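Chemist: So TrEMBL says this about it:
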- 6-29: transmembrane segment (TRANSMEM)
- 118-143: region 'Disordered' (REGION)
- 126-141: compositional bias 'Low complexity' (COMPBIAS)
- 145-267: domain 'C2' (DOMAIN)
- 279-414: domain 'C2' (DOMAIN)
Amino acid sequence: DVSPVVAGLIGATVLVVSVSVTVFVWTCCHQQAEKKHKTPPYKFIHMLKGISIYPETLSNKKKINRIRRDKNGTPKETGRGNLLVDAAESGLIGSDKAPDGPNAAPHVDQLPIKVDYGDELSPDQSLTPGGSKTSSPSSPGDDVMLGELTFSVDYNFPKKALVVTIQEAHGLPVMDEHTQSSDPYIKMTILPDKRHRVKTRVLRKTLDPVFDETFTFYGIPYSQLQDLVLHFLVLSFDRFSRDDVIGEVMVPLAGVDPSTGKVQLTREILKRNIQKCISRGELQVSLSYQPVAQRMTVVVLKARHLPKMDITGLSADPYVKVNVYYGRKRIAKKKTHVKKCTLNPVFNESFIYDIPVDLLPDISIEFLVIDFDRTTKNEVVGRLILGAHSITAGGVEHWQEVCENPRKPVAKWHSLSEY
């Protein structure tokens, strides 16, 4: 026989355990149901010729289906699941390294610079300073036709999603003199907040590319479409230097009504107007060269007026990546700490590089201000180049002052350019 007290304790224990298990199971089921039905904002699906290559997740790992073509040119999907698209066909992953040759950059191991050498760059990064390219007769100009871009705009009311399909382009100019062709791809941004930044794959050696890629952006109310502008930037991939900008297309959605169905548009590609680009903020850096020790000291001081880059549009989590180049070869990379939730960060971090005096004319230092994000890919806010490949008058003047005044720290503010 069990005493009433023991029986009561056993009954209470069983009751508590039963209630706890029931609450736990109900919570798990409720969370699973919310994940299925809840659509996180600012999410997009990328459709490549009818095949989803970016699934409906916010994960950094992108599941990409391999696409092959048969002899008739029709695309077909292999059965091996999540494989990377071939870099030569898609341009979404890194390319091969530059071949050796008489015009190739010197090997890093031949340079007497005592720093850790960086990795080779991929076409997605395109961080190599562009240098001064010789303008060809086919380079974009005021009197050169840059072609036309065809795309469509649609809106999915049940899912509150904007659907943009980049179909094709015609009559692009020749950007590669050797092949008398171009390797075009398109970057698309939704202005003015620039929360959505996507790009197509690279199509090799064509002046009439057919992309047929669909981007679906969730979390955009239909009432806000009238305030948005689609910005298409048409570029030509260059394996050995910075990608060439062919032109741009600006499409205000105020004049587009996708409520009755898909709207197909064709717009002329215009020469890029740098003055229309919004400010990317400013960066203050200090440089000092010690000729006796043959050492360059780079100090990243602070930044100000950075644009709002995070998903809420409230602030940014910036840090600065410093790349050192010898010619067009990256030989060192460093980065500062991340400054949380600020548009005017103060870094005060210094980096020291051993650089011989005779190499100074070929040295460039690139500063990339990057917005750190835990859930998505880090986004470049702006960039600055000082040294041999500086593209601004202020950058050239700053570098000359450093070289002409050894042992003296020279600090200046510089406007960041768009990456």
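Positions of Cβ are set from backbone N, Cα and C atoms, glycine also.
Burial and contacts for the listed features, if you can.
Modeler: The average pLDDT computed over the domain 'C2' (145-267) stands at 86.
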Chemist: DSSP-wise, what's the residue breakdown of the domain 'C2' (279-414) into helix, strand and coil?
Modeler: 18 helix, 67 strand, 51 coil
Chemist: Under the DSSP assignment, what numbers of helix, strand and coil residues are found in the domain 'C2' (145-267)?
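Modeler: Tallied per class, the domain 'C2' (145-267) gives 12 helix, 63 strand, 48 coil.
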